[in-house]
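Student: As annotated in TrEMBL:
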REGION    1-28  region 'Disordered'
TRANSMEM  36-58  transmembrane segment
TRANSMEM  84-105  transmembrane segment
TRANSMEM  117-141  transmembrane segment
TRANSMEM  161-185  transmembrane segment
TRANSMEM  192-209  transmembrane segment
TRANSMEM  215-236  transmembrane segment
Amino acid sequence: MPTFPTSPEDRPMQPLSTPVDPTDLSPPAAVRPRRAWALAGTVGGLVGLVGIFATATLTAPAEELRGDNAAYVAAIADGTGHVWAHQAVCAVVVVCLAVFGAGLHRYLGAQEPAGSLVPALAATGVGLVLVGLVVGGGIATELFFSLGAAEEYDPDVIAPQLTLFATMAWLWGGIGLTAGAVAVGGLRHGSVSRWLAVFSVVTALLVAATQLTPVQYIALVPGGIWVIVAGLALAFGQPAAAPGPRAA
């Protein structure tokens, strides 16, 4: 026959609960938007624009010698400092844009409807730029040692390295894809502010023009400017959000 507790000491302890005041209609505290990833894009765009243009002056004194590889290489053999700086610039920009691309994917994923291709396309565009920067910065290692001992190398071997050095890091055409995706998300779903969406349309068209004509390297200019502006807009133009599950 079952027994029942007859005294308060024999009864099991019940968990305490905090009563909820049904009259408390105050809104939940806003969550401050994350900004570091967006500011990383601004830093990457600024360093990329200034740094890549600055290190491009390596070949400026010898442009008239391009038809003679031996004279061309000899004229810039003391420019190893430019090459090293170019490598460092590319490394910094790669890190900054990688963070920006990942953050942009997460941000758009939270704003876009489920299944939207916008976040993936935006991140893919940044990824394409990263490939060019890795290759453009990577050739700097070989070029640094080649120029440092130019008399020991065939100038016809060094000249193609200079071509890669002066081209790959400038290929920011992928930002056109990123800007286009952001424009679609902003205009169709309000994922970003309308002015940023319109600015992204203009940037995408400018970058597309560079890709359809033999001046692809000029994509660095509109692409870099877009990353700078978009980073600032997404860092300081995001409204505070209501608290929810914390993103990883």
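Every residue, even glycine, has its Cβ placed from backbone N, Cα and C.
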Student: Which residues of the same chain, at least 6 past either end of the transmembrane segment (84-105), have a Cβ under 8 Å from a Cβ in it?
Tutor: 34, 36-38, 40-41, 43-44, 47-48, 51-52, 54-55, 58, 119-120, 122-123, 126-127, 129-130, 133-134, 136-137, 140-141, 144, 165, 169, 178, 182, 227, 231, 234
Student: Taking 36-58, 117-141, 161-185 as candidates, which has the most Cβ pairs under 8 Å with the transmembrane segment (215-236)?
Tutor: 36-58
